[in-house]
């Protein structure tokens, strides 16, 4: 769909029915259709890996770990909000070096397998680090920081491994790209809903260290997914040629990054996250302060975040049912604007204006978190689809990891800039008088990336963004035939190529699913219109 000249998006209502009713009906049926299509086109072990990594490790693990780590730094280590924000950035550092994990999965097989061993390795790291943190009381800041960073590294290795599979699927099955990202987002949101629902109870019952120790369970599930993953064993691998393969992969990434269709969106993704300040550490301390803030208990914090996960889940369903065909530039524009407006709810809460209009803190915080999570998911999912569309064949895992690391580097810088802002405004464990200024500055900063939207392609999310010559690389053909990409169940014909009729067959399967589910599609996109890449 092309945007109107005024830059706004317009939904068309199908004749004879209300759009809202159809969207609601589609949202209910969508998860079943994603699973059925992915199970039919791909393999159940791939779906299991996505659920284990995104649902258990990132969904449940990040939600329980986020609440528990917040209380751990506040109550056990007793650090200031700005310091806690800085330490959180340090623990996220392994996500910045994701290209390294991507290179390992793409270039170096272990015992003939390229994906399974790295799932197993990620699970072992996560289990051991969290057990060490929970069983050793009285740890200093540095050992605790090391354990949390190791757990984050395990999650990053698992994430880059499953992302490599998703990226390759996006190339071999382009119509499934948004479905796979929706499955990832749906699993993450559902896992977060479960994790946040029990996080407060866990922290209250067994303490923050005990709750962190339970993060070994999601890591164990990732280990199990690595054992069960169906993957063909590669032929004998010459480890003496590893350095040449590393060099070739890095050279291929450099060539890809020189392409304007690639480096321009990369610049946008990094700067858009970098310029959107993160002050969540200060907000958490204010949430739990009984004197100046609302003084939420552990259970209340967990429930507030759990309700927020419902908003995140609704964001995934809304994106999948109504927004996945919009042009990248248009949906990112509105996502950034809505993100800034949603942040104003924090300003209302911090200034206590909600009490003046008769809305209790607890209820308003749930509304605030739900809307923020939903908008955040609507802004995040198109970026994931964009990343999968920019991956060059043959180095999917490495390049997708590079793109994600750019975003993680932006988020890391955002957290550090936010910590610096809290420090400059003298927001401490007991002093929050200037917190509203930090919230206001953060909301304004979210509008700055709008000036960089010209770097984002205008084409819709189903289009191929890479030049044709990059997708028809002879070296990649030889690589696939030689077994460089061995996860053969991802490709129906086992050859590593896209069948000429695969898109038509996929469209037929979509029509078949729609008829069976009795869900009417909404004409959101004018597919016949031209696109404009700038």
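Glycine too: its Cβ is placed from the backbone N, Cα and C atoms.
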Per TrEMBL record, range annotated transmembrane segment [choices 271-290, 331-350, 351-370]: 331-350
Of 299-319, 425-445, 446-466, the range TrEMBL labels transmembrane segment: 299-319
Stated TrEMBL location of transmembrane segment, expressed as one of 139-160, 161-182, 183-204: 183-204
Segment-segment contact (the transmembrane segment (299-319); the transmembrane segment (399-422)) at 3 or more Cβ pairs under 8 Å: no
Cβ pairs under 8 Å between the transmembrane segment (183-204) and the transmembrane segment (210-229), at least three: yes
